[in-house]
Amino acid sequence: MTQPLRIIFAGTPDFSVPPLKTLIDSEHEVVAVYTQPDRPAGRGRKLTASPVKQTALEHDIPVYQPVSLKTPEAQAELEALQADVMIVVAYGLILPKAVLDMPKYGCLNIHASILPRWRGAAPIQRAIQMGDAETGVTIMQMDVGLDTGDMLTILKTPIKPEDTAQTLHDRLSALGCDAMMTTLSNLQTDQLSPVKQDERQVTYAEKLNKAEAELDWQASAQTLARQVQAFNPWPVAFTQYQGQPLRIWQAEVGHASTQKSPGLVISVSKTGMEVATGKGSLLIKQVQPSGKKAMPAYDFAQARQLTGQTLG
């Protein structure tokens, strides 16, 4: 029988919760959870605990929330936990070399891409946006670089035509649990075979910003449809209508072969509103006007008789 591992878990957002719950339910011992400090959230800007902290507290696991892991105090605290390994999932703090070297087996990271493609902050969204056929999760041995460590386990999944960043996020989070448990099992039985990343294949997934969510109707319908799916649920693709932002939650490549001016609403039907683009048409299915709830594009377009009007 292999000995259960003493594990420190470090993570912050929703993506990190399934791996933490998987570890709690496993034979291993989660000795502590590290997460970002509570942040103001919602309309009242009330201090709110991260999803990972909430999960840890529900299971009576000690929670640490240092602002930095670079101070001697924070490092002494972590070292005192005498962990075998630290699992890091979207934690959001830089781990200095001293911390990376503290646990017996170092620090392992669950990254939501097939490395070395899409190192960085937004691998899920960039994979959809660029039309990748597949993506996955990589478990890597962390080093001081950004997602540069040796790869220990890779699990893949196809990107489906209907995938949004949310659906892919949920699937990869679950896949990350499987990859993590496989890696820990291999670590316990000394069967890990680290693979170096090919630096020639590296691409970077830049952090998302709200400005890039605005649709450029000169682009192709294919590009715009991917943008809508990649930016759902945040920052949400949008266009302008009568000087107000109109969020677009759901869209797909339309069937109209059009030479019409990009941004022109060609037709409105029960399936949605079809808009001319730089190449082909985009069928918009769900929109959200400023200050209102999301609604079928058909309802929005019918009420305003949008056929023949221009968006953007």
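FYI, residue positions are counted from 1 along the chain as it appears here.
Keep in mind that glycine also has a Cβ here, set from the backbone N, Cα and C atoms.
Long-range Cβ neighbours of PRO116 ((6S)-5,6,7,8-tetrahydrofolate binding site) (same chain, at least 6 residues apart, Cβ-Cβ under 8 Å): ASP147, GLN197, ASP198, GLU199, GLN201, VAL202, THR203. Per Swiss-Prot, the feature (6S)-5,6,7,8-tetrahydrofolate binding site maps to SER113, ILE114, LEU115, PRO116; the stated evidence is sequence analysis.
Annotation for the binding-site residues ILE114, LEU115: lowest Cβ count within 10 Å of the residue's own Cβ, ILE114.
Residues within less than 8 Å, Cβ to Cβ, of SER113 ((6S)-5,6,7,8-tetrahydrofolate binding site) and separated from it by at least 6 positions along the same chain comprise ARG119, PRO123, ILE124, ALA127, THR135, GLY136, VAL137, THR138, ALA205.
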